[in-house]
Amino acid sequence: MGYVQELPRSLSMITVLGLSFAIMAVPFGLSTTMAIGLTDGGPVTVLWGWCIVSLISLAIAASLAEICSVFPTSGGVYYWSHLLSKPRYAPIASWITGWLGLVGNWTVTLSINFSFALLILSAISLWNEDFVATPWQTVLCFWAVMLVCTVINIWGNKWLDKLNTICIYWTAASVLIILVTVLAKSPSSAKRSGKFVFSGYDATASGWPAGWAFFVGLLQAAYTLTGYGMVAAMCEEVQNPDREVPKAMVLSVAAAAVTGIVYLIPVLFVLPDIAILLAAPLGQPIPVLFKEVTGSPGGGFGLLFLILGIALFAGVGSLTASCRCTWAFSRDGGIPFSRVWSKVNKRYDVPVNALLLSAAVDCLLGLIYLGSSAAFNAFTGVATICLSVSYGIPILVSLLRGRKLVRNATFSLGRFGVIINVITVIWISFAIVLFTMPTAIPVTPVTMS
């Protein structure tokens, strides 16, 4: 690809799969955004929205995997846009894609770690129902989370391989434990009917027309299923990346889709009164749900601890991918002061400057929460839109040029390639408009997201 090898190729396909799986962090992502789905339709939006978005995400991941198998480099989407475009349009296509991808990487890391902080603070309300964290307490907790993730990425870099593998087992075990516990502890009289779980729909809390509310509520699933494309930034740390990284992308989405269904169905069967959940502190209903189902603060925290563990994997993994994206884009001169951010620290084999820049940008953006209670929804919306569009540009360019450069891809979509690419482009175009909408109306200057 014309680059000097600077990072060690120490990662395996399972590691990249674990990283992608960690960034999506299905139980954690679905839990922290549960209020969105419950507001905009309830069980139908939460469950069937997840199924629909999972299929679309699988199509996007397959489209990206095909391109990645031809151009396996840490530049990822912006590099692909450059090589797939005609020479006349390559610089502008690459620059736009690069900045969208970079902002998407930064904001998805921001939203993951910010929701991690919200979940930590909401756990206090399990014992003290009157406790409501102030905006400053929330921001400080978020900064502490960012510090922990940054430290692990620098001094624990040599263990990231094992950490991402452990994430797969931790997530699988957590989903199984939560499934068994909530179904066993919830009284039969309190369980919801199958009709409610699979067809219950009420969008009155959103203020939107009933049909449109369903689409707005898809943000819950779309935000959770965004991280698979970020792992392209790890290509230069993987042996045989043209085969291993594409497989990891697609398998991670398939695994995430199944994990989400297994997690959501039992949770919906034991769902307490939705009004109570939507009134939960900091907009985080899952601690309240676990407490109601287990009947005790300790039991609720025991289940919440499993989700917090997944959150840690997600926070570390997303910062890893964000750092590599920043480093790769700097290496190609896409960021001001690129010479600073493109340096690799030889002691840790990590682009430390790019890591610190990513962390600093996220910490500064977190200050938005001091002025808006809807900042978290804004973070998730921006992350989803920017990453989706950055994924869509190289796919669109390849499609417009007759898919000529991916015909000999080692991961080929074959005769279905055109159909799959068209579906992804249509969905991403729709998502640009959809996820700029507030999750509920009417809005005020403070609550507008």
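Backbone N, Cα and C atoms are what each Cβ position is placed from, and that goes for glycine too.
Over in TrEMBL, the protein carries these features:
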| type | residues | note |
| --- | --- | --- |
| TRANSMEM | 12-35 | transmembrane segment |
| TRANSMEM | 47-80 | transmembrane segment |
| TRANSMEM | 92-124 | transmembrane segment |
| TRANSMEM | 136-155 | transmembrane segment |
| TRANSMEM | 167-186 | transmembrane segment |
| TRANSMEM | 206-228 | transmembrane segment |
| TRANSMEM | 249-280 | transmembrane segment |
| TRANSMEM | 300-329 | transmembrane segment |
| TRANSMEM | 350-370 | transmembrane segment |
| TRANSMEM | 376-397 | transmembrane segment |
| TRANSMEM | 418-441 | transmembrane segment |
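Note: the stretches the transmembrane segment (300-329) and the transmembrane segment (136-155) are in contact (3+ CB pairs below 8 A, sequence gap of 6 or more). For the transmembrane segment (47-80), the list of distant contacts is 1, 3, 7, 30, 37, 41, 94-95, 97-98, 101, 197-198, 214, 217-218, 220-222, 225, 228-230, 232-236, 241-243, 245-247, 249-250, 252-254, 256-257, 260-261, 264-265, 268, 324-325, 327-329, 331-332, 334, 388, 390-395, 398, 405-406, 408-413, 417, 420-421, 423-424, 427-428: same-chain residues at least six beyond its ends, Cβ to Cβ under 8 Å. When each of 12-35, 92-124, 249-280 is checked for Cβ pairs under 8 Å to the transmembrane segment (167-186), 249-280 comes out on top. Below 8 A, the CB atoms of the transmembrane segment (249-280) and the transmembrane segment (206-228) form 3+ pairs separated by six or more positions in the chain. Recorded stretches compared: 12-35, 92-124, 136-155, 206-228, 350-370; the one with the most Cβ pairs under 8 Å to the transmembrane segment (376-397) is 92-124.
In summary, the transmembrane segment (92-124) does not lie against the transmembrane segment (418-441): fewer than three C-beta pairs, each 6 or more positions apart in sequence, are under 8 Å. Counting Cβ pairs under 8 Å that are 6 or more residues apart, the transmembrane segment (418-441) and the transmembrane segment (136-155) reach fewer than 3 and are not in contact.
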